[in-house]
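Novice: Please read through the structure below; I'll follow up with questions.
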């Protein structure tokens, strides 16, 4: 089929070109975005009657939470290659927008991200990896739009309550310090700031936040609200003139390509400020291709932002591989440029924020949709999709059935576009391997003798981009290394004097925050350690555990020996653990099962079958106090487990029938300071 397309194009005849796309069905087309059919049944693309809404860009989210955790540990050149596929203009996904989590120390889907202010008098603008990621994005695309949004907040802001709006001034101060720190320490200009991801907004807080931004000379930072549903915030804005004034963008999550009347009545920019969240298979790519068009066709949304940027977290955590691409093996260097990257390119490589949609966009007669955008300087980009229902289901919301079938679609260029002589053609076909093409450039389409019209033969699950721009490119590198399992022998002594990142490689914090620490009280063996640094529960977004925990390794590990030096800092009530076969993480961490070996500062030990400590296998007395180093060893083999303290057997051959496999882990009894050193695991799958 592709050969036929090439042949037809070479002969410079305007004949039926093959494309395929899926549609959101025969839903009613919004009146302001009608598909104008010419007498001959053609779709007219015309700017004579003015243009539609301004396009604000396509982007993705890092965070919400810890979705880029493993990316920072990739060796070069693979880490830079991954970043190029995501951010480099005219190369891969070429994203216009990067939205990051403002770390708040809480569990926010697949892990925790550290706050720049763990405590009231603490400020550190080098924790985590979002600063680094924003700089890398800017390095590749200086014009990329940066957005910050909190999911959780450090506990001190709540003053004993699990609520960020106890002191509105204080919370606004906390957020503004993050924006100011981004500029002062990293020369990053944050363009937009959000309120509280998918949770309650507070109108007074939004007003105070605007005033505080202005007082700090940050008038250019715009406010998005409320990163949840359309209804409440848009209705409130229509009734509250001051709130209306201070909110620049109404952002909704997973809108199903539709907005609501109140949101449209505000006249504000409407964004799908989080969307996608779907396995990055070809079906996920179909979902992404469909909503990139139809969020505007059906809902006037001028930006769509995918959760998440890159699936760079352990795959067995919630929503595994729900990123535009996959990079979850820093130990091997293996990564996969998934099909959503190339679906993104169909829009991102041939448009820019500041372009405008044409008013003449809409649905295709037999399923699918088309949009057209212009820079106002003579350039035109047309994106056509025919994604089928079966192959474009997103994870949410429910997608009503629609039908897509083969069709011939004639497009007519009018107005300032009528004299365009040539269009570049880029093509994607999702589905069967034998028919599959990803972002393939076809020969250009000549329009000189056709009065600005051309006809496409469209089939299911195709994408076409037709554009005046000649800068598109399918970037590539040599194949990365082959996939490998996590090393079966793994050691980390945390001896890093000036760490570039605050977190040790491959540890994925699930409750609490574990950071490199310089122990000034011990100039010897334990001078450099890993420390759990939270001393109170954060204002939560998800169901954080009551204990802190960081996981590491291969989820399929069955038999393993974990050895680690531990240091309890809290007298009497403090406690620490090492664990194996941990079977849950992310938003499910509270219910994690495994084999947990605990020691406590009150002179006791415990062996439990779960993180919460409800399933007790063994307990007893032991000579343990705070402020002293101990070595714990946990051995799990088949259906039995044994433990040692300072290389002496403490308990042996306890039956452990469930779970059969899981990660290794370290952690503390509560939100308390504790240190870990000389971590060592020997494991088999």
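From the backbone N, Cα and C atoms, a Cβ is placed for every residue, glycine too.
From TrEMBL, for reference:
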ACT_SITE  198  active site, proton donor/acceptor
ACT_SITE  274  active site, nucleophile
DOMAIN    55-349  domain 'Glycosyl hydrolase family 59 catalytic'
DOMAIN    357-472  domain 'Glycosyl hydrolase family 59 central'
DOMAIN    509-683  domain 'Glycosyl hydrolase family 59 C-terminal lectin'
Novice: Give me the count of other Cβ atoms within 10 A of the Cβ belonging to the residue listed as 'active site, nucleophile'.
Specialist: 26
Novice: May I ask for the distance between the residue listed as 'active site, proton donor/acceptor' and residue 274 (active site, nucleophile), taken between their Cα atoms and rounded to an integer number of Å?
Specialist: 10
Novice: Taking only the residues in the domain 'Glycosyl hydrolase family 59 catalytic' (55-349), give me the average pLDDT of this model.
Specialist: 98
Novice: Mind giving me a neighbour count for residue 198 (active site, proton donor/acceptor)? Other Cβ atoms within 10 Å of its Cβ, every protein chain shown.
Specialist: 15
Novice: Summarise the domain 'Glycosyl hydrolase family 59 central' (357-472) by DSSP state, stating how many residues are helix, strand and coil.
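Specialist: The counts are 6 helix, 56 strand, 54 coil.
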